[in-house]
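Here the structure comes first, spelled out in structure tokens, and everything after it is commentary.
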Amino acid sequence: MTETGVRNGAYGADKFGLKNLAGVTWNPGAPQLYEYALRAGEGVLSADGALCVDTGIFTGRSPKDKYTVRDANTESTVWWGGNQSITAEQFETLYQDFLKHAEGMQLFAQDLYGGADPSFQIKTRVFTEMAWHSLFIRTLLRRPETAALASFVPELTIIDLASFRADPKRHGCQSENVVAIDFTRKIVLIGGTQYAGEMKKSVFTTLNYYLPDKGVLPMHCSANVGPDGDTAIFFGLSGTGKTTLSADPNRTLIGDDEHGWGKDGVFNFEGGCYAKCIKLSAEAEPEIFAASNRFGAILENTVLDPITRKPDFNDGSKTENTRSAYPLESIPNASLTGRAGLPKNVVMLAADAFGVMPPIAKLTPAQAMYHFLSGYTAKVAGTERGVTEPSPVFSTCFGSPFLPRDPSVYGNMLRELIAKHGVDCWLVNTGWTGGIYGTGSRMPIKVTRALLTAALNGSLRNVEFRTDPYFGFAVPTALPGVPSDILDPVKTWADKAAFDVTARKLVGMFQKNFSKFEAMVDAEVRAAQPEAKLAAE
């Protein structure tokens, strides 16, 4: 077996049972990985130097193919209501079959950190079959100094073999695609998919399991910090504006997706960004556009012009989930340390397509826990069915697929941190106003930015608030530069009776969704539900 690159010779591939390999390329950089990927036909170059790849039949994560080992350690610590299980014996069979499948392969190995805070980071070793997968994870996680590689001992090991095909009967899974996590052995096996995001989210899931016991709240969020050191956290599901609103030229970007909140502040789990790039333009998002069109970037499933090799970001023929992976240092105002102080503001973003939520509301710690556990946004049904009625989306803690522990673990931690540090918490509606989708209009981005600026700089602390009759949270009645009517959603509707019906309908959806959390929370959080306010009428 031929091994090249800087590595810990005493802790090589054989420690994990990887034997009879053609070789291992240890910790190669971007130029090497470009060469390997292009030579193997894994991708092509764009005109500006990005590596363009197709991920095959899987153009996104496959949650139904993700499994966690159920053993004596995880029986009582994993949230089995939201995670699929396999036995330790099934995992061992899968592991041995992975090792057998890898024989004769030339693998790539990266030694990386998950987490910018040395006190809480997890040393992660990733073996991949494909060169571009090695480049991807090297870009997304945090790279040690070269000198540290010679003594690197991993705490978490990921083996990603895209050509492996699982056997449902033999391995206890549902299909040939599999992502299996053994928290006890700290091993992740990924097979049957070329979608690189599975690696990144496996590290996130692992940190979500271990960090709460260390007093750190892991979060699916973006974060930035102002010139005075005031940190802000932005929770939000896809399409709510999390990336756009946290990218503020007047504030330093900490990260766009995964963070931890510990006793000393907030830290990024990653060293790169993984941005959706459908309809990406230089005009709307100049920093992301520039970062995506340069050497070192990876473009997933993006259509290239066959002659000019320029990417067509408007072409979603392969998937709407086109992605760009690039190093954080490609963003001009990004923090390279990945660390900031304790948050002063927490923002929960919701694109309310029902048009009944105010553009901004202030939450109590109990209300914050309620809305964090709810994880609400709304999407519009596809026009191919001729339906314009919005449908609610609830993803607990704004990251349900990545939560190995009971949601109340994360919810209680957030509530306690907000109360302990006197953090202001805001719910921001980036969705519709003046009616539901199809009748109303999208909340003006200028209004959202003005309200966010006022929230983050403390201006909203000095205004008058009213209590929303449906949701019970506090809503500002006026703010200089913002039309007062837009702050009270009922005033933007022509049909007031229709507003009442729609608002009550959405409250009912919240109630139905939250019923599964009733037993997890205390009386104060139960009282923070919308139903408590309506029942009092």
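Glycine too: its Cβ is placed from the backbone N, Cα and C atoms.
According to Swiss-Prot, TYR195, LYS201, ARG323 bind substrate; the candidate from ARG61, ARG449, ARG461 that the record adds to this site is ARG61.
HIS220 (Mn(2+) binding site) and ARG323 (substrate binding site) have their C-alpha atoms 18 Å apart, to the nearest angstrom. Figure note: comparing Cβ neighbours within 10 Å for the binding-site residues SER238, THR240, THR244, the maximum is reached by THR240.
A separation of roughly 21 Å, to the nearest angstrom, links the Cα atoms of LYS201 (substrate binding site) and THR244 (ATP binding site). Calculated from their C-alpha atoms, the gap between GLY236 (ATP binding site) and ASP257 (Mn(2+) binding site) amounts to 10 Å. THR240 (ATP binding site) sits 13 Å from ASP257 (Mn(2+) binding site), counting Cα to Cα.
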